């Protein structure tokens, strides 16, 4: 195969893949890949088409997804041709690309300024008014033809149905679903056992295409307006004037927009907005940079897809590509199966990544992954690296088969009702037992400092540890331990001392260490504050905890099932017989956060455990989920759905600076 044939094949494969993604995004409201992956591939295609344009005919390039918007009008709504095209925006990822955009403007005019605003992740809309009345609303569609959604647009409360302006007017903007409203909808869907909506953008697009306008009204869509068609007809000559005009007529505009004179001010806004965007109640992944002076727009021109008068800056995601060498499963202390990826080593966010999580089999199936494929991986802050998408398949026809047997004991793997989780069916699986023993000795549990994972494996292999209770019987086997390689008198005495010291731990440590399903360290701390002593554990009335925010029916059911098993009863009794009757020791130093419940989300300047410790030391409690009973949500970078839920429930939101102020107030 010649170089030309290779390039042509690569370009056609990219075009086909992106066309499939475009169809899912624009027409099915069901995106197949994250924005970061889409942007990377469209940029790759664009560069190939530009570099090797002589290899292709005019028609082959003109029909590329880099040159047109791949959206179709639905048959459910009347098709409407736009009076002027509704174009998309070209993207920039670096300062150099923004400078290139500015240099292009300099060719037309020596004096200019810019208008900057958030890039809203919603659905583009064009709205016409006649004699001050909302007359017609049309989606962008493919940029030339859209769908008439007038009746649905009339259900959006912040879009005026009439305005104090009699001349014909066409305005354009973005319909979106606020993160708080998105969370409310999914909470209701959850209660009604309906499938949850994937993200606010999909929810907004799907809502706007509803045939029942009552559904649209109930979902509380919103809109930001930012553009006026034929602005000179209304004596408008800059974006700033257009914004004021829209605002005075009662349209909603983004409060976070600003004016900039040069690249330095643009860069300053981009840097500041990176932190500001996490506090907003709508999804945004970048900044739109527009030439402020409208009279130069015609001279700058446009492609079939993008104008040259504006560009969208997008923040660089923490993603890269590498080869998926192998897929394997691990079994956790509760028997839960996790699918994992072995990767060709790659540097990401300053770390060498060789392994990443694949979550579960359905995740692999949805992404169509298999061994040998080139994949995207992502890492943010302390989050475990994760495979997030497929770049290229090694073998198009093959599908990865689900694991059906436990690799450690060869027992059947059983599935939950949702088919998303698999568990090893053997409660005596050696790997489950091993993970339970390792967990019991871990830092957050009983903190047996002198016993690392390697030493525990040696003890298990030598028959010294079969259950967590065996830690407290090791002193009887001191001579056997000392006969093992690398275990001298001093190291053995340190191990035994560490085990003896653990008997002074707080009750929550041992509850967490018992590997009870759904019981993390935060729940264990709460349980310990109510149970008070390990000797109370087996007879405690767990149903009495249902009224507390930290405890749900799933946790209560798990606790009752655990204490009902004879082997677990015997384990607790053995611990008590070996003087491990731990009592609850409150860690608080002050009452500053007494009666306050905190949830933490996002990446902070210190490990999450640092902030959890501060909260507990000052009398506060930690919860893993936001609810109406949550006092504060502490947010860091890349805060996710918890932030939206907090807004929906009017929970107070703190960044790290505000938290520190609260701590010393």
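Any Cβ shown, glycine's included, is placed from N, Cα and C.
According to its DSSP assignment, residue 119 (active site, N6-AMP-lysine intermediate) is in a strand. What Swiss-Prot records for 119 is active site, N6-AMP-lysine intermediate, and it gives sequence analysis as the kind of evidence.
With a 10 A radius on its CB, residue 35 (NAD(+) binding site) counts 15 other CB atoms from all the protein chains. Secondary structure at residue 35 (NAD(+) binding site), as computed by DSSP, is helix. What Swiss-Prot records for 35, 36, 37, 38, 39, 88, 89, 117, 140, 174, 290, 314 is NAD(+) binding site.
As annotated by Swiss-Prot, Zn(2+) binding site applies to 406, 409, 424, 429. For residue 406 (Zn(2+) binding site), the number of other Cβ atoms no farther than 10 Å from its own Cβ, over all displayed protein chains, is 23.
Per Swiss-Prot, domain 'BRCT' is recorded for 588-665.
Close to residue 89 (NAD(+) binding site) in the fold, though at least 6 residues off in sequence, lie 119, 288, 306, 307, 310, 311, 312, each with a CB less than 8 Å from its CB. Neighbours of residue 424 (Zn(2+) binding site), defined as other CB atoms within 10 A of its CB across all chains, total 26. Remark: residue 429 (Zn(2+) binding site) has 331, 335, 406, 408, 409, 411 as non-local neighbours, by Cβ distance under 8 Å and separation of at least 6 in sequence. When secondary structure is read from DSSP and collapsed to three states, residue 140 (NAD(+) binding site) falls in the coil class. DSSP states for the domain 'BRCT' (588-665), grouped as helix (H, G, I), strand (E, B) and coil, give 27 helix, 16 strand, 35 coil. In the three-state DSSP assignment, the secondary structure recorded for residue 424 (Zn(2+) binding site) is strand. Cα of residue 39 (NAD(+) binding site) to Cα of residue 424 (Zn(2+) binding site): a span of 40 Å.
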